[in-house]
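For reference, TrEMBL has these:
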DOMAIN    305-339  domain '4Fe-4S ferredoxin-type'
REGION    1-39  region 'Disordered'
TRANSMEM  63-83  transmembrane segment
TRANSMEM  114-138  transmembrane segment
TRANSMEM  186-203  transmembrane segment
TRANSMEM  223-240  transmembrane segment
TRANSMEM  367-387  transmembrane segment
Amino acid sequence: MTRLAVSESASSHAPQGDTPPGADEGDAAPLWRPAPPAPGSVESRIAEVRVKLHPRSVSGTFAHWRIVFVVLTQLVFYGLPWVQWEGRQAVLFDLAARKFYLFGLVLWPQDVVYLAVLLVISALALFLFTAVAGRLFCGYACPQTVYTEIFMWIERRIEGDRLARIRLDEAPWNARKIRLKLSKHALWILLAWWTGSTFIGYFAPIRDLGEQLFTLQLGPWQWFWMLFYGFATWGNAGFMRESVCKYMCPYARFQSVMVDRDTFVVTYDHKRGEPRGGRSRKVDHRGAGMGDCVDCSLCVQVCPTGIDIRDGLQYMCIGCGACIDACAQVMDKMQYPKGLIRYTSDRAIADGLDARATRRRLWRPRVLVYGAAIGLLAVGFVVSLALRSPLRVDVVRDRNVLAREVAGGLIENIYRLQFINTSNEPLTLQLAADGLPGLSVRTVPEDRQEVRVPPSSNLLVPVVVRAPTDAGTPGSHPIQFVLRSAPGQSGAQLDLHEAASFYLPQ
């Protein structure tokens, strides 16, 4: 990455595309640019959507952290579908079979409550992060930010840094421009296609998809979702970029209800920085009545959403810290203390709190409430999973035959037992029934009292329950199916009781 530099005489505020004297960016940009529309006007709002941003590259502490999160998130996203677990894909949302595999955990439609709890925990975690540090998720781990970073890295490697890209966009079309644009978009499309292919690999076995893809045997829905997700990646990260964060993402709009004066956000210290202005490094700026801000505009040039953090907290700020890195390099060059732009709270700036007092105010009621809610839900989730039976049984009465008399003076009721084995081991069960004297249970047509349920599967078994005619008064009687693990069954020993009713005719 290009390291930012500032000369001893920093310029006044430079518009986008201009370079402060001494900035290490190569040749100067064109001297003339059209005057921007008046702020707040309709023309300004339209132009804001229309103008393409050319963020400048920056290095520093937070830039390195962004790279770390880009690498980690993409290792997980692209690598997880290829991980195997006990002979199958470790993470697979098999919609056709209505089963979700999460390593050793198999979730069925009846387990939708677990997915709901996971979503609630994720939402509360996002609220907690926002209350503590604003849009921290947006700046480092949001897919839109991550893929925009990757696409911009490709763009910089092919077209150059900020001024080189501006000149290329303004230049007339020629062989060089066509070659660079085609090369960039070819790599973008390749990455987007890989992303779309990986995405559908979470919903269908990815090893089979690879073979089907290269032999053109994918189904229509697989083609649709691969191309749709790939096109969305190409469009959002390659073209829309900051517009997604500004206008499409609802999180940017409702975050204001989750932050307060003690939330850590990217903040410009106006008390220290104002009045801003260019000066020589040798000038006693304090004696001249000036603040530490040299008005170089580098914080604006590196911002991926194109805002000026010196105008105060704005909903468009994604908290990425790029302006902090840029300003820190300027402060080093000017031999001023760092931290003119930093992660801190509005209260810390207004009241002059030190770092320790600022951190102490993080432990406020809303943070504690979010943390407690997450902790309780997480504990309940883990305990519920630990106590979850590996077998589910649903009893359905045969509606065609309520009851009938069979040989031997017995009354017979017919049921269907649906077994759902959520474990990775086969289960062998012995069937019995109680609630009336002389009850007996047999499977149909095997005429057995034992059922074997394959691993990670469901099984529908018709059974007949018989009772003597004198077992009770005519009418409906409550009974229970008793299902116990067969002798020699490994793993958890099951003892389930499922309620049903037995009908004795007149």
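The backbone N, Cα and C atoms fix where each Cβ goes, and this holds for glycine too.
Taking pairs at least six residues apart, the transmembrane segment (114-138) and the transmembrane segment (223-240) share fewer than three Cβ pairs below 8 Å and do not count as touching. Among the recorded stretches 186-203, 223-240, 367-387, the one sharing the largest number of Cβ pairs closer than 8 Å with the transmembrane segment (63-83) is 186-203. Sequence-distant contacts of the transmembrane segment (223-240), counting only residues of its own chain at least 6 positions beyond either end whose CB sits under 8 Å from a CB of the stretch, comprise 144, 147-148, 150-151, 185, 188-189, 191-193, 195-197, 199-200, 203, 248. For the domain '4Fe-4S ferredoxin-type' (305-339), the number of residues in each DSSP class (helix H, G, I; strand E, B; coil) is 16 helix, 0 strand, 19 coil.
When pLDDT is averaged over the domain '4Fe-4S ferredoxin-type' (305-339), the result is 91.
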